[in-house]
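S.K.: Here's the feature list from TrEMBL:
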DISULFID  C60-C81  disulfide bond
DISULFID  C104-C141  disulfide bond
DISULFID  C183-C205  disulfide bond
DISULFID  C237-C264  disulfide bond
DISULFID  C277-C318  disulfide bond
DOMAIN    52-177  domain 'Corticotropin-releasing factor binding protein N-terminal'
DOMAIN    185-306  domain 'Corticotropin-releasing factor binding protein C-terminal'
SIGNAL    1-21  signal peptide
Amino acid sequence: MPSAFQFQCHFVLIFLAASKGETRYLEVRDAGEDEPFLLLSEDLKRELSAGQIYRRSLRCIDMLSIEGQFTFTAEQPQLHCATFFIGEPEELITIDYDFVNIDCQGGDFLKVFDGWILKGEKFPSSLDHPLPTSQRYVDFCESGNIHRSIRSSQNVAMIFFRIHQPGNGFTVTVKKNTNLFPCNVISQTPSGRFTMVISHQHRNCSFSIIYPVVIKISDLILGHLNGLFLKKPSAGCAGVGDFVELLGGTGLDPSKMFPLADLCHSFHGSAQMKIGCDNTVLRMVSSGKHINRVTFEYHQLDLQETENRKENSIEEFCLPSI
């Protein structure tokens, strides 16, 4: 049975399980608040490709993976609202305030967060983000016109808002910008292929997949040679400076997840791992002294694969949770 974390994340991401290239075209039914998101019609796709701006209203809890202009107008007091934004791995998200009519003195707020927060857990984690947590929040009530345009540091961002007075609200325009060197990423789909490169930068990058998966690393280039270790209390790659680790857990924050395996050496070939955890993260740690590169592919783990062990699998983890 899926955990509460999976249910919450899949509510946000279930519509993104369509094939790559279609997932950025979304709309919402006119039905109840619990209806899932659906792919846009072919007519609307053609309109968007013709250069028209996509516009629609926001729900109290909403999800966007498409550029456009979005408006929220409170029909009743809305005290706990959030909109999640997600792009392709190589995209950054820009949120522009077009119009804001809220009562900051009366307890309303409108905040942008650089990343995602779910159940108090952050992505990227504080260890992997270039800014301290306090600077990842931009509060409209405190900054006013100073920050009318806010750009994310990765392919996800979100806004929190509280509006007491019916009729009040805001309008934002969402744009996508190319990120030449993607670092922290949440995958839109349960399968895909990605290459992560860190070039002479002292930083950590995490790729998060909110599904149980089979992950296969086909190419790893680090600035040194060492070894490959399954995590043990006294073993690992922490002392070598540049390495890749695989993490699994039930939450969103990689720093709170269980370390499953470290890869400390360059290789060309195949290292496969089955991870049945609610969330799987591949995380690269870089000292800044080298050019580090890892290529991997992944697909959602099914029950049949839990019974079929392959010779090139490192090990299986979290499988009882499936």
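Each Cβ is built from the backbone N, Cα and C atoms, and glycine gets one as well.
Given the structure is predicted, the values throughout are model-derived calculations rather than measurements.
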S.K.: Using DSSP, tally how many residues of the domain 'Corticotropin-releasing factor binding protein N-terminal' (52-177) sit in helix, strand and coil.
M.R.: 12 helix, 67 strand, 47 coil
S.K.: What does the structure give for the C-alpha distance between C141 (disulfide bond) and C183 (disulfide bond)? Integer Å is fine.
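M.R.: Here the two Cα atoms are 30 Å apart.
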S.K.: Could you break down the residues of the domain 'Corticotropin-releasing factor binding protein C-terminal' (185-306) into DSSP helix, strand and coil, giving a count for each?
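M.R.: The composition, in the requested order, is 7 helix, 67 strand, 48 coil.
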S.K.: Using CB atoms and a 10 A radius, I'd like the single residue among the disulfide-bonded residues C60, C104, C205, C277 with the highest neighbour count.
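M.R.: Within the set of disulfide-bonded residues, the most crowded position is C277.
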S.K.: Using C-alpha atoms only, work out the spacing between C205 (disulfide bond) and C277 (disulfide bond) and round it to an integer in Å.
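M.R.: Given the Cα positions, C205 (disulfide bond) is 20 Å from C277 (disulfide bond).
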S.K.: When neighbour density is defined as the number of other C-beta atoms within 10 angstroms of a residue's C-beta, which of the disulfide-bonded residues C81, C183, C237 has the lowest density?
M.R.: C81
S.K.: If one measures from the C-alpha of C277 (disulfide bond) to the C-alpha of C264 (disulfide bond), what distance in angstrom results, rounded to a whole number?
M.R.: 23
S.K.: Taking just the CA atoms, what is the gap between C60 (disulfide bond) and C318 (disulfide bond) in Å?
M.R.: 34
S.K.: Given a separation of at least six residues and a C-beta threshold under 8 Å, show me what packs close to C318 (disulfide bond) in the same chain.
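M.R.: Expected: P212, G248, I275, G276, C277, D278.
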S.K.: What's the CA to CA span in angstrom from C183 (disulfide bond) over to C237 (disulfide bond)?
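M.R.: Just about 20 Å between their Cα atoms.
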S.K.: With every protein chain in view, how many other Cβ atoms are within 10 Å of the Cβ of C141 (disulfide bond)?
M.R.: 15
S.K.: To the nearest whole angstrom, state the Cα distance for the pair C264 (disulfide bond) and C104 (disulfide bond).
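M.R.: Roughly 51 Å, rounded to the nearest whole number.
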